[in-house]
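Encoded as structure tokens, the structure appears first; notes follow it.
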Amino acid sequence: MKAVGVIVEYNPFHNGHFHHLNETRQKTDADCLIAVMSGNFLQRGEPAIVSKWARAKMALAAGVDVVIELPYAFAVQAAEQFAHGAVQLLAAIGCQELCFGSESGEISAFLSAAKTWLEQKETFDSLIRTGLARGQSFPKAAAEAWQKFGAAPLDLSKPNNVLGFAYVKAIWQNKLAMMPRTIPRLAAGYHDESFSHPSIASATSLRKTLRQTGRLESIAAYVPPATLEQLRQYRETYGRFHDWEVYFPLLKYRLLTATEADLRRIAGVEEGIEHRLKQHIAHAETFAAFIAAVKTKRYTWTRLQRLCAHVLTNFTKEEQAKAANPTYIRLLGMSEAGRRYLKQVKKSAALPLVARASKLNGDSLYEQEKRAAAVYAAAFPEPLYSAALKEEYATAPIYVSGIERK
């Protein structure tokens with residue numbers, strides 16, 4: 001069976017994601033589509049709108065055959081480390097190709113950019129560091145660095161391109177036998193906050209609309225029925241969706257009771273940012289107001305969100321340094337085709353394939369995952385808190401037969 005990988009967050013799964021899956025299967029002739037998916041906290045440092053289990057069900061209903069989890073130590077990171085963990089997991093489970101969305105859908109631009117970067121890595125990275133030190137954003141610093149080598153083959157101001165570039169670099173750096181492919185994204189931009197197309201919208205705009213209206217009907221045109229049903233069930237069970245504001249009291253407690261020395265141990269706390277965190281936390285009444293007060297050119301909103309997630313989960317620089325590579329493949333769900341594929345590769349997979357969380361106790365990556373799960377569940381009062389926490393430890397991989405797919 002030919003396995004093809006996708007790297008996803010599905011926050012939530014929408015029609016653009018559905019298009020990506022269909023195009024991926026069609027262009028690659030995949031027998032098995034494998035999604036490596038961030039868990040309860042995401043690459044930009046946000047809590048996922050619903051749990052990884054609810055999002056895995058959305059993915060399986062839409063045609064994904066296997067869903068595996070990207071551990072927190074790689075999921076809540078800048079593009080390079082995020083990509084490093086994700087492509088290694090897909091390679092370990094036997095994916096022959098990786099297919100990602102991009103602005104142009106032309107893989108040649110990514111290959112050309114990666115080749116130039118590999119040949120000029122030291123110079124390129126030095127130029128980026130210089131730009132960042134001057135207070136530039138990463139896209140701006142990268143664009144200026146490319147100009148030193150002639151015209152940039154990629155527009156690195158676009159998030160999909162930044163991630164795609166990181167995926168190709170990670171495949172080459174790790175010498176993985178996995179071919180990268182790309183397809184053009186549809187209509188809505190990654191961060192678009194409004195609806196500009198009758199059926200395609202960004203996950204950002206969907207979450208914003210849900211926050212503003214509270215009505216699932218307001219996003220019905222932009223998501224498959226299975227997504228709507230999972231969102232409905234989740235809110236019915238737990239009473240709410242997740243966003244940063246619900247965690248702000250917990251973050252405030254952590255920052256007010258931590259010393260600056262404590263904060264300097266946390267991953268992402270550099271260049272004296274701990275002073276600004278302590279300076280502004282007492283007076284901020286919302287998470288959004290707090291980040292707006294703390295952010296600088298160097299410390300962007302996204303970077304601060306990741307840092308705050310690390311503060312909540314107590315993810316330290318020492319733990320980050322030790323998290324060099326994934327150590328296991330955690331299975332979240334599978335279709336019948338996925339079950340057959342996993343049976344075929346179980347003995348040949350490069351990492352242990354784990355279905356039960358209890359088997360991972362003691363693994364340093366999973367110990368961090370447990371802390372993230374404890375924080376994520378803190379959005380709810382008891383007895384819902386304990387129920388959500390139990391889901392992390394007791395849930396077996398989801399199985400979806402062909403009949404159940406919508």
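Glycine too: its Cβ is placed from the backbone N, Cα and C atoms.
Listed features, source Swiss-Prot:
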- 7-20, Gly101, Asn160, Arg185: ATP binding site (BINDING)
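Feature annotations (Swiss-Prot) mapped to structure.
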residue	record	DSSP (3 states)
Ile7	ATP binding site	strand
Phe13	ATP binding site	coil
His19	ATP binding site	helix
Asn160	ATP binding site	helix
**Complete:** Counting other C-beta atoms within 10 angstroms, the emptiest spot among the binding-site residues Phe13, Gly16, Asn160 is Asn160
**Request:** Would you mind checking how many other C-beta atoms are within 10 angstroms of the C-beta on Tyr10 (ATP binding site)?
**Result:** 25
**Fill in**
Cβ-Cβ distance under 8 Å, sequence separation of 6 or more, same chain as Ile7 (ATP binding site); the residues meeting this, in order, are Ala35, Val36, Leu70, Ala83, Ala86, Val87, Leu90, Leu98, Phe100, Leu163, Tyr167
**Request:** Would you count the other C-beta atoms found within 10 angstroms of the C-beta of His19 (ATP binding site) for me?
**Result:** 18
